[in-house]
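These notes are about the structure you will find just below.
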Amino acid sequence: MTREHTERPVVAVIDSGIAAETRADGWLAAVERHGGADAESNIDPVDYLGDGSDRLELSAGHGTFVAGIVAQVCPTADLVMYRAVPADGVGTELDVARAMVRAAEDGAHILNLSLGHQSERDEPSLPLAAAVARIRQIEAERKEEIVVVAAAGNFGDDRPTWPAALHDVVAVGSVDTDLRTSAWSSRGAWVDVATVGRGVLSTYVRGQSYDEGGSVVDEFGDNAFARWTGTSFAAPQVAGAVAQEMVRAGVGARSALRTVLAGAVRVGREGTPVLTVLPGM
């Protein structure tokens, strides 16, 4: 791994894509945006209804928010966005798996997946498992370490979530600010580490959010920040911490991960290692 790579580790954010507009405050300005054909675009279609309104879908801006978290933790990371799920947050295993492999082929050192699902019989996802296996082949071919980080899920139980529970994927759960496991966070022996996932502050998109009755709840401007809760926002803190350790120590992603996890403290009955990265609320 060259010094250039360790100074600017490549972090792939596999999510809903990035907001089309470049923020005037400079946040995420360096992220490349690709329009065009759906299969190649990494733009988050925030106006998913196509009606020109500012009405935000429940998961709109998810990728932009996640990218902002990585940028906060590792400002020199080279963020590359892949749109694998639509604005409503419901994607397919195949689309996610393809994006994972493409990210590794494109040179990513760290993949962040703030997404996941449970299966009917707790059986692992075959497409996602195949993608991880292919990433390991690419890692050997590139002779560069690759780390895959994924959100443990917000199911509040100990059933596995995929891809987080796959072998060789770093599963990230959530704790509250008192460092106790968040009630809604997935948990269990398969969760590798946790960090604060409640009330995380990050970059957001322009638009309005509504309640079920159709009334405006929040309005966000051109350079908006927002707070969001979930393991989706714990995972990129760990991805960012690994990237930052690569920069600090001049090492590969796996070596950086080992150092990051060694700094975690076991808390609570589950004994899940906990990192303190961003404050949350």
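Placed from the backbone N, Cα and C atoms, the Cβ positions cover glycine too.
Automatic, uncurated: that is what TrEMBL annotation is.
Annotation comment: TrEMBL describes Asp15 (among others) as active site, charge relay system. Secondary structure at Asp15 (active site, charge relay system), as computed by DSSP, is strand. Same-chain residues at least 6 positions away in sequence with a Cβ under 8 Å from that of Asp15 (active site, charge relay system) are, in sequence order, His62, Gly63, Val66, Ala67, Met81, Tyr82, Arg83, Ala84, Val85, Asn112, Leu113, Ser114, Leu115.
The 10 Å shell around the Cβ of His62 (active site, charge relay system) contains 26 further Cβ atoms across the protein chains shown. Positions annotated as active site, charge relay system by TrEMBL: His62 (among others).
Among the features that TrEMBL reports, active site, charge relay system is placed at Ser232 (among others). Counting every protein chain shown, the Cβ of Ser232 (active site, charge relay system) has 30 other Cβ atoms within 10 Å.
The domain 'Peptidase S8/S53' (9-246) scores a mean pLDDT of 92 in the predicted structure. The domain 'Peptidase S8/S53' annotation in TrEMBL covers 9-246.
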Task = For Ser232 (active site, charge relay system), just give me the three-state DSSP call.
result = helix
